[in-house]
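Sequence annotations record features per position, and here Swiss-Prot assigns active site, proton acceptor to GLU107. Swiss-Prot lists CYS351 with the feature active site, S-methylcysteine intermediate. Feature annotation from Swiss-Prot assigns [4Fe-4S] cluster binding site to CYS127, CYS131, CYS134; the stated evidence is sequence analysis. The S-adenosyl-L-methionine binding site feature in Swiss-Prot is assigned to GLY177, GLU178, SER209, SER232, LEU233, HIS234, ASN308. According to Swiss-Prot, the feature disulfide bond maps to CYS120-CYS351, an assignment based on sequence analysis. Residues or ranges marked as domain 'Radical SAM core' by Swiss-Prot on the basis of sequence analysis: 113-346.
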Amino acid sequence: MTNTAARRSTGEAQLLPLPSIYSLTLDELKEWLVAHGEKPFRATQIYEWLYGKRVTDFAEMTNLPKRLREQLASAFSITTLKTIVKQTSKDGTIKFLFELHDGYSIETVLMRHNYGNSVCVTTQVGCRIGCTFCASTLGGLKRHLEAGEIVAQVVQVQKALDETEERVSSIVVMGIGEPFDNYDALIKFLRIVNHSKGLNIGARHITVSTSGIIPKIYQFADEGMQINFAISLHAPTTELRTKLMPINKAYPLPKLMEAVRYYIEKTGRRVTFEYGLFGGVNDQLEHAEQLAELLKGLKCHVNLIPVNYVPERNYVRTPRNQIFAFERALKKHGINVTIRREHGHDIDAACGQLRAKERKEETR
């Protein structure tokens, strides 16, 4: 049994830490300061220390009065994540397995592109959606992450990039968990990382993906955010989608498409449909024709995903020539489509794989 598993089984490290200051929006921090007799402008100074200088100790915030630094230290923590495993791929992709205060672990991935560095963040410890092709759902949902724990992932990766004077240029919320199942923390996270005084990641450089929790799609559309939005679709018909994604029983495909149309009409923004290709399951030309019919007339983009092999699942990769044929079939119908570039194929880069491997080690 590893130290992580031992802590969870014995109760060690189970004491709740102080609330993470990373969980506070700038307005919430201003409110806290005013309530404690301080000027609201101090919030901007604190944000600069947290997200500009990325300090991890309130004592280092030297332009704040000592009394305020002490008050902050007694009221909040600055979340730091312990790196358990760090895997680096030949293509530069880096996968981190971070340990949380209670011993649970989460994954965060840094992906290198010719246009910058993208971070894929996790929103939950585990997942309850139950997609039959995904390693994230193995073991079920353990708990939601606090907004500060999601923010801390980006900060941690940015600190690693500081060593080479690089920066995080985009964020994808596509790691372990269903973001809309942890909606309030997600929205707070988005507001913090997008804020010009926070991590200052432009809204159009942030993408949120959902498996299709329909009420939250309507709510997200009404938020008025310019965040990129993606649907994990993976099947063009109700029957096939239900086999791949049990959530389709609760939120069936026709209703999902109604919600997508509402989102497009409300925001004027394009929706991306993620479509993982599984050999012999959803990758035939008839599936491409069905998908084109489903998406006809929509302001959308299809992202075809060559799937990573997951040992605990039985799906196999679609051959490259078949992926290209699928792409051509969609283009023939005027569908905007790309094939996702593979990242970290030589490491445990599929969502949840590294954490699943760690869980196996813990049970030995």
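Here the Cβ of each residue, glycine as well, is placed from N, Cα and C on the backbone.
Remember, predicted model here, so these are calculated numbers, not experimental data.
For the S-adenosyl-L-methionine site listed in the record, the two most distant Cα atoms among GLY177, GLU178, SER209, SER232, LEU233, HIS234, ASN308 lie 19 Å apart. Here the candidates are the recorded positions CYS120, CYS127, CYS134. The one whose C-alpha lies nearest to that of SER209 (S-adenosyl-L-methionine binding site) is CYS120. Summarising the environment of CYS120 (disulfide bond), the number of other Cβ atoms within 10 Å of its Cβ, over all protein chains shown, is 25. If you draw a 10 Å sphere around the CB of GLU178 (S-adenosyl-L-methionine binding site), it holds 25 other CB atoms from the protein chains shown.
Per-residue confidence over the domain 'Radical SAM core' (113-346) averages out at a pLDDT of 96.
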